[in-house]
Amino acid sequence: MGDPAAHEMADLERGFSSEDDAEYRSGDDEASKFVENEPSKRGKISQKKKIEQTNFAKWMDTNQKSLTRKAVKQSVNQDNSLAYMIRSWEGGEKIITSPRDYQMELFERAKQQNTIAVLDTGSGKTLIAALLLDHTVNQELEDRAKGLPRRIAFFLVEKVALAFQQHAVLECNLAHSVAVFSGESIKNTWTKGFWETQLADHEVIVCTAEILNQCLQYAYIRIDQINLLVFDEAHHTKKNHPYARIIKDYYASGKDRGLRLPRIFGMTASPVDALIDVRQAAIELEGLLHSRIATTADPDALRRAVGRPKKEIIYKYNPLVKPIQTMLTFKLRPLIANNKQFSKAFAFSEAAARELGTWFVDRMWQLFLEDEELLKLEAKTERSLSKDMAAPEVVEKHRNAVRSARELIRSHEFPKPEPGLLSSKLKTLSKLLEEYFTDSSIRCIVFVERRWTAKLLTDFFESHAAEIPGLKVGSLMGANAEGGSSQTSFREQIRTILSFKKGNTNCIFATSVAEEGLDIPDCNLIIRFDICKTMIQYIQSRGRARQADSTYIHLIEGGNGDHRRIMHQNAENEKLLRRFCNTQPEDRLLKGSDYDMDFFLRQERNQRQYTIKSTGARLTYKNSLPILQAFLNTLRNQDDYAEGMDLVADYSILSVQGGFICEVMMPPLSPVTSAIGKVYSTKQVAKCSAAFELCFQLIQKKFLDDHLRSKFVEKRHVMANARLAVSSKNKAKYDMRLKPQIWAELGVPEKLYATVLILSKPSALERPSRPLFILTRTPLPQLKPFLLFLGPVEQEMTSDLVCQVLNCPITPTEEDLQLLTKFTLKIFVDIFNKKYAANAQALPYFFAPTNKDHVFLFSNLQDPRNAVDWPLLRHVADRDAEAYTGDEPEEFFQDKYIVDPHDGARRFWLQGIRKDLTCTSPVPADVEHQPTHRQWKRREVPHDILHWSLTAWKATREAHENKWKENQPVVVGKYATLRRNFLADINETSKNPFCYFVLEPMRISPLPVDVVAMAYLLPSIIHRIEQNLIALDACRLLQLDIHPDLALEALTKDSDNQGEDERMDSIQAFEPVNFQPGMGANYERLELLGDSFLKMATTIAVFTLIPNKDEFDYHCERMVMICNQNLFGVAKSDDLKLHEYIRSKSFERGTWYPVLKLEFGKTHLKTLKQMDEHRLADKSIADVCEALIGAAYMTTRKHDDYDLAVRAVTRLVNHKQHPMTKWDDYHAAYVMPGWQTMPANAAELDMAQKIHEATGYQFKHPRVLRSAFRHPSRPYVFDKVPHYQRLEFLGDALFDMACVDYLFHIAPDEGPQWLTEHKMAMVSNQFLGCLAVSLGFHKFILHHHASIGSQIHEYVTEITEARRAAEDAAEAAGKPRSAYSRDYWVEAPQPPKCIPDVLEAYVGAIFVDSKYDYSVVQQFFHAHVLPFFASMRMYDTFANKHPVTFFTQYVFETFGCHAYGLHAEEMPVKDDTGLVTGKTQVVAGILLHGQVVEGAVRDSGRYAKIAAARKALDKLRSMTRQEFLDAYKCDCKPGEAAEDISESATAI
């Protein structure tokens, strides 16, 4: 049927001509130029983008199969894999399958007895030593608590460099004080008091063995004050070596005297380091160290686990020639040969001439006798001779000889390195390097015997690197007390190793320092330039090549029998070592938990079984291990899997009362993280029991099907793969509310509540004005002042509009209501040409004039009635217009408001009389506003002032044709603006406002001009008030008392693509589409804040209500609540219909009027019909939910009251896992677990105290802190607390909230993109790792994984070096070192994940320990995080490291190309792809000149774009400029910009 009123209007429009409906106009037709809501037009697609879209679509179609295929597929199907594993399980004796297996066994053995670990290089002996040290110190703390004397542990090394190396590793991995000493560092502090202080201050001391030997010798330390002795490279224990002296002189004698002796733990790759019998050496080593050897039954098997070279090659070089003395050496010999400082140099010159070539001898002298070095040698010569009591003339003679040598060097002409001056050995090395360094991935170590050889080879290849492209050399030598330019410090060694790790150096020339001890990143090429003299050298240097495709090369001299003998002897000795290991007694073998599994399973009767009734499939102890391994293999099919991830189960077996117990720990991708088996008498059965328990959990949780095969591909958590995202492209039409509920409360008002409308800057209005009252039946909320644009902004013609709500109501009489009604209706008719048929019962609000000015303090009013201008109300009520005869005095014609009763668009401000004009005078030429009726346009009437003043209908004009007073004065007026929207800065079309007319056809309004001036602002004011009230209606539905301005901000969407941009993933900056000004702040900032609070609130809820699930389940439970799909569904529900309250359209001149019966004036039914619906994306509706949560948070934040935000979360997620209605409900629901309340042991108390000293927070429950630092690799049975992942999950959300809240408040004018980019810096793993290290958290991480320890050490070294460099830079700039730039971490590498993880877990731990007191999180944030972010400007470019942004920079800077594009589309689903899981897959592609470079598929556009950009970067990095130009036909010119660069990215 349609709307009857609409039909009526259509009839009226057909009945009138355009000239006859002028009186119904309200200026809206002529004001069309001020309308901001122009329909958005589809942007023109450029030719470039069309090509890109076409090519991208073709590429997607071509590559769809490969895109949807999993990154890694199993080579065999699951059935075959399982069958194969079972067959392999049943046959043959099992050996150690995992390094963790033997490490834990060795650790347990070392706790019980003195042990020498004989294991290959790289097998994790240092990890075991660290575990043993941690265990020993923890036990020591318990002993002290019982009153036993204090003892300390010593970690002994053979070389000074190793002391600093091992100290760095232990300091990073132990939560106790670790000191390091070398003879040089303490030579001036060697006193009893000094050592007493060290024993009191530290728990572990790392030093060279001689230091401890002397301490024991001088009785500074007694043997019974030591609880653990660790001997690194224990094979040195022989004869009078300090290792042997410590044992013989102090340990053995202490044993005879019954002293409390330390545990001994020795580490070595071989019990021998010389050409002696292995068995005899082993017996002697065990005897000397009072220990038993622990080794593996099959060393080869262990090497397969820890890595060893794939290829071992012997290269022969031609026989070396007899050394020839060079001319320079000949000349130097008589000068300095007798000087002891040069004896080693002359000896090396002979070896260098033969081994390297004569060119190197002269180069050695050139480097050795540099000016700086010679000055040192001269001084040393003088000191040496002085000690020998040499005569002064002898000293002077030697000094002059050194100076003569320096002059000789300066004048010598050094030859170029011609082939004839180089040895065959050097040429062979050069050829090898040239051959291998065609591959950019090569990392090479060249082992040499002498320090000077390393120095000279580095110098040679550094100077001639251009001859071998890609070769970047460095040297690594031990610290040497002697002078000379080859001296290196430990810090320089670390820098070299870091450079090697980063790839800045890819070839190191190293002495034996790189063989033993120093932790060098795995390389893939080892070259023995000088042959291994002993088997242990061979084993240790070979252990440096651990990558799967590595190569080990021996250089031997052709025809050299000694070389062949040494090679043969080393090989035979290794065979003997293997045979020795195989023949060790049972108590010395590490066999692991798989050894002879079948035998032990047959012996054990008490085994559990589980049968699945539907299929008869049976889970047993025997098949649980292969079933579990098959399940692990299927984890490769998951999206989170990355190449190189370790998909193995770690079994930790401990000795307990009654036998052994095993805990199996799964990799992070597994939905079940761990299980503990039952106690059995053998390790083998205990291990099977743990595997059985974990498989049983997988069956119960439906991850194994009825045939015991993995269902992980299809099912994880019940909602893990659910379609939880909503599209920003999926839009629909929805109703939109135009009027608030408060206006529907009609009837005769008993009380009226006054809100006064005040201009903060009334001078911004071009004429005087006075405040107005708006009177309502219900009090209006106190709104925040909002800006009105009253004129040009550049002229500062803006003012805030203050809505001052008065508390005391008015009780109106019937007369009062009549006066107010007439005044209100008069404003509508005279100013806005709307005559309504309404009484006081029908009006939603009333206007009233005040008798005060804008500066009056209305808040002091006791009774608002006293501020109402009642005389004016009566004046307006008594007349429709002011009387006019034409004979009034001249002052009458000032400051009047003139209404044209026949044309609603014509209103004038009366300015005075124009005495030189009459009503018959022609309209002056400067009048720009002309009548619009047809007769005027057709010049059917005279263009004089009288007819300009007449706009009545034709019949009316003709009826009065000769009745107008000809002598009435012509007045001057200013055309009143048609503008209604003062909420936006709109540039009005400038026309001359002055006009000349007569008053007889017009009406003089009884409204004073100062009232009218203010009333002109009512459309904007009423619109904004209504928007606030509608927003509050939404909050009322949600039962949330949100501040009105925050409520409106949360519901405001001011552009078509608001909330739809992938801010951090688009190549270009975000630009709003169809932006609508004047709406105030939009929801995006509050959405970001609300998103963080929503994440935090739901995280706390699931952590509290589901204590027995793991992090994976937590993520799924939280995801279901916070996902856009859930928020969208709740918002659209019938009891909310939140979409109706979203404000998506700016001011429109027809919608502010009250809904009343219109008697006269233009209706807006058509406009209202357009405005009562809007198109919204699903995501926009979900975003508004988050923004409302942010608004609720902000409403009460200043009082530290989060109850309102908690209620908002509960209402908007509508989920059983978040029933809380106030903050205290979280902790009220928390049930403290038993492990938390157990008494803390001494180690836990010690840890809590140290953390308190570092952070300032004192734990009430130290075991919660312990949990925060327990890595998943550490078995549960060690600490009896959960690992840190649950607390990390909690802390991540808490920390994120603290960061967003901080940024939100320090940058009130910054948009969501700025907030997001700077939050990225604060929550990045890079920063969290840096912060954790600065607090010393890395030392407390409790892990049982060798690679984690080394990763921590590497990262701590790098971040410490970065900080030191920042301090150096501050000092160089003349600042204190403490004034270093706090962004030093930005360029540091990514930390091992466990470091930022424990920091987040710590945040979660303090929250739990403090009974859910969020203020402790804020205190931690302010105390420890903010110092790094005192200035956010230094992080403005942090987001530029984003892969997409970095790609564009790289392409432009490297190749000068700017014709790039980024496209993303949802992947078309074909066949069954994506249907099982219901996932939405998005494919993104990076394009250059319309050609797809690389693409990737992920679950969201964000991650697809990141992955595509990274792949594209990897591809382009290997290309030369010419290859790039050829491949992509690039013709970009420098300095030129792409024409349509803003369209280079799609929004998915």
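Each residue, glycine too, has its Cβ placed from N, Cα and C.
Remember, it's a predicted structure, so these values are computed and weren't measured experimentally.
The compositional bias 'Basic and acidic residues' feature in Swiss-Prot is assigned to 1-41.
In the three-state DSSP scheme, ASP120 (ATP binding site) is classed as coil. Look at Swiss-Prot and you will find LEU119, ASP120, THR121, GLY122, SER123, GLY124, LYS125, THR126 tagged as ATP binding site, backed by sequence analysis.
The domain 'Helicase C-terminal' annotation in Swiss-Prot covers 428-589.
The feature domain 'Dicer dsRNA-binding fold' is assigned by Swiss-Prot to 624-718, with sequence analysis given as support.
Annotation comment: Swiss-Prot describes 871-1006 as domain 'PAZ', evidence class sequence analysis.
Taken together, the residues in the domain 'RNase III 2' (1248-1411) have a mean pLDDT of 91 on the 0 to 100 scale. Annotation source Swiss-Prot lists domain 'RNase III 2' at 1248-1411.
Residues annotated as site 'Important for activity' in Swiss-Prot: LYS1393. Reduced to three states, the DSSP call for LYS1393 (site 'Important for activity') is coil. Around the Cβ of LYS1393 (site 'Important for activity'), a 10 Å sphere holds 14 further Cβ atoms from the protein chains shown.
Sequence annotations record features per position, and here Swiss-Prot assigns Zn(2+) binding site to CYS1457, HIS1489, CYS1530, CYS1532. Around CYS1530 (Zn(2+) binding site), the C-beta neighbours below 8 angstroms that are at least 6 residues distant in the chain are PHE1455, GLY1456, CYS1457, ALA1459, LEU1488, HIS1489, PHE1524.
In this structure, CYS1530 (Zn(2+) binding site) belongs to neither helix nor strand by DSSP; it is coil. By the criterion of other Cβ atoms within 10 Å of the residue's own Cβ, the least surrounded of the binding-site residues LEU119, CYS1457 is CYS1457. Across the domain 'Dicer dsRNA-binding fold' (624-718), the DSSP tally of helix, strand and coil residues reads 32 helix, 20 strand, 43 coil. Annotation note: CYS1457 (Zn(2+) binding site) sits in a coil segment as assigned by DSSP.
Across the domain 'PAZ' (871-1006), DSSP assigns 26 helix, 24 strand, 86 coil. Its Cβ taken as reference, ASP120 (ATP binding site) is surrounded by 24 other Cβ atoms within 10 Å in the chains shown.
Cα of GLY124 (ATP binding site) to Cα of LYS1393 (site 'Important for activity'): a distance of 20 Å. In the structure as shown, the Cβ atom of HIS1489 (Zn(2+) binding site) sits within 10 Å of 19 other Cβ atoms.
Around LYS125 (ATP binding site), taking its Cβ as the centre, 25 other Cβ atoms fall within 10 Å, counting all chains. The separation of CYS1532 (Zn(2+) binding site) from LYS125 (ATP binding site), Cα to Cα, is 57 Å.
A straight line from the CA of THR121 (ATP binding site) to the CA of LYS1393 (site 'Important for activity') spans 26 Å. Counting in whole angstrom, LEU119 (ATP binding site) lies 28 from LYS1393 (site 'Important for activity') by their C-alpha atoms. Separating the Cα atoms of LYS1393 (site 'Important for activity') and ASP120 (ATP binding site) is a whole-number distance of 28 Å. For the pair ASP120 (ATP binding site) and CYS1532 (Zn(2+) binding site), the Cα-Cα distance reads 56 Å.
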